[in-house]
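Since the structure comes first, as structure tokens, the remarks are kept for the end.
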Ligand SMILES: [Zn+2]
Ligand SMILES: [Zn+2]
């Protein structure tokens, strides 16, 4: 990659506005400082009594309007425009007051400027428009405002071919990325170096930015190579961002068609692991009946043990029913406007959110789903496996090949309880039958390679724990028993994994 860092334009006025109020009063010496500190009274005095001009720049080439815009003084901005300030005046870098307003995300100032004829697409010498500056500084509300209300192009390229999405990805502003993707910014756009936004996010090791981009994208971006022939995953790896490199490599594997890649990435097709779990439950139940209860060479179980055994079988059947419900039920998918059939193209859904209440805003951006194009309710989340937002999302369970959410969480809870009880009861009955004085023992199978070790282990283990001595004479049934126990153990592990 030719250049790995993007220079961000820092506004020189940023420092002055942060001075304490006491010093501010002393620092107001001309129209520029009065504008920067929002001292409208002093500004009036300079203009109306001193005859100062608002249309000429200061020694550095910056205008009073820019200073007021930067520090979000909408009343001062209004006054300057009404008293000869040029709303589209540019400094030496060709930046307008709107660019400066975008640095701090001054929405009220943007309204005043744009309603007084400011050009929303004005570009500076780097080709940065207000949308680029807002993305560089993570001013999501500002960006949303000028795009939604003033139709700024949210996908415009700068002189290097970088869109606001490139910038937001590079700086790691996940909320800005969500907004831009929600507003259909192009993920596949390559800049002059051939880099997509995912390249820039990977370069900087921004995990959250990469996650949002990958989940909302078509996954084709993972394969795109820049001019140096490097994919985002390789770029992250080269830069030593291991978490991002692993995430992107896993995402690449998941979209690969090779079955080993799917297993390694934890995704086994669209069906997940549900068929495996189904086979295990049915297989274990049949083995339990066949090898423990109905086995001809095992001692007949007592009434009490039999009752527990049949309880375990009933629970296994119940687990199957609950498994089917969890697997087949809608977990609480949130319908997209397209699915609901109402295309409200004329009404921008994001404009109804109160942009002036910043405390409300900050929590809201994560509620935008760039994939489903909805503002989702609190506690809901997008599931990349199901490709839907799920209400009261808990997690996506590969064993039931479904999400656990609002509508199936109780079914899932009952499934977990039933599966756990089945495992414990089944195992208890099986162990009770095996350690009966006249039963074969599964230890034999494990110790088959060395009869000598088997014998010594048998004695040591059983004596040590005060257990009855097992019999090793009839090994044929022990073989089935051992497999039953392995499966039982697996089943138990699976039910634990479900939790
Ligand atoms: Zn979604
Ligand atoms: Zn899911």
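Using N, Cα and C of the backbone, Cβ positions are placed for all residues, glycine too.
No curator has checked TrEMBL annotations; they are predicted automatically.
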Range among 461-479, 480-498 that TrEMBL annotates as transmembrane segment: 480-498
Transmembrane segment according to TrEMBL, located in which of 248-271, 272-295, 344-367: 272-295
Per TrEMBL, the range holding transmembrane segment, considering 388-411, 412-435: 412-435
Cβ contacts under 8 Å made by the transmembrane segment (307-328) with residues that lie 6+ beyond its boundaries: 274, 277-278, 281-282, 284-285, 288-289, 292-293, 301, 397, 400-402, 404, 408, 411-412, 414-415, 418-419, 421-422, 425-426, 428-429
